[in-house]
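Step one of this worksheet: look at the structure below.
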Amino acid sequence: MTATVRVTAPAKINLHLEVLGQRSDGFHELAMVMQSIDLADQLDCSNRADGLIQLSCDQPGLSCGNDNLVFRAAALLRQRSGFHELGAQIHLRKRIPIGAGLAGGSSDGAAALLALNTLWGLGHTHDHLCAMAAELGSDMPFCLAGGIQLCFGRGECLESVPAAEQSLGVVLVKNPTVSVSTPWAYGECRRLKGDHYLSDEVAFAQRRQDLRAASWLNPLRAAEPPPLRNDLQDVVEPQTASVQMALRLLQDLPGQLRTAMSGSGPSCFALFPNRLDADQALDVARDSFAQAGFDAWSCSFVGHGAKLMP
């Protein structure tokens, strides 16, 4: 077994989030495009001889117990391995804001699967890890694969698309005092839009095919930026002052191509032709964001999900 393993866990943004309808299992049928960005957490993992799994974190207030996806991922991987004596010391360095619609928790869980599969020498394939990830969270398989992906079903069914012609830049903002409940956001979507949901697999399949064929996606490029549809934004924004303010500030940034909320929010972002343009726009507006109570980051698209570090 390897002595120590370090893994990065990138955040994601939604370039497209379409709620197609309600499934018989209670979940929503989704058609999404997700993109990894270089705002990332880090996991440092080492073996323990006593068979315990212990998690620590540099983020005060974040639970390190068995409700944390890192702990749950570690426990599931050990259970499936059959080697119940395996133990690990895991330290999580948080950079992705919590409860932000950026899949920080899911990315950490995916990174734990990758890290401990390596640390413990288990030899699970990427597909096996993705199957375990899907048991833990709908967006965890994406967080393992990363890059840019079409995501269908609950979000766990991935299809690769051509890599972007260039790495677009991102300015990302979040008010650290505000969070949005994902179940609430989907419940509001059902309440306000449920009468217009598609109702059968034939209709779902047609919308998936429409998204696969979207000109802006083949490949993604600054000359034809994505429309950034987010059906959850339609219901969250009118009821969340933080999202309204974030989008107004982002829309005022010089050179931005498009703005949107990510996932169920409340994080919002603007796209730029490249990282330099994003850096320069944030430099101009950093004080305005701070005065309005927002944390802000400039980021780039990346072509990977959870990744082993040297």
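The backbone N, Cα and C atoms fix where each Cβ goes, and this holds for glycine too.
DSSP assigns K12 (active site) to a strand in the three-state reduction. Positions annotated as active site by Swiss-Prot: K12 (among others).
The active site annotation in Swiss-Prot covers D139 (among others). Sequence-distant neighbours of D139 (active site) (same chain, six or more apart, CB under 8 Å from its CB) are K12, M34, A103, S106, C151, G155, E156, listed in sequence order.
Under the three-state DSSP scheme, G99 (ATP binding site) falls in the coil class. Sequence-distant contacts of G99 (ATP binding site), defined by Cβ-Cβ distance under 8 angstroms and a gap of at least six in the same chain, are S179, V180. Among the features that Swiss-Prot reports, ATP binding site is placed at P97, I98, G99, A100, G101, L102, A103, G104, G105, S106, S107, with the record citing sequence analysis.
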Env. residues of ATP site, Cβ within 8 Å of mean position of P97, I98, G99, A100, G101, L102, A103, G104, G105, S106, S107 Cβ: A11, I96
Which listed residue (P97, G101, G105) has most other Cβ within 10 Å, given these are binding-site residues: G101
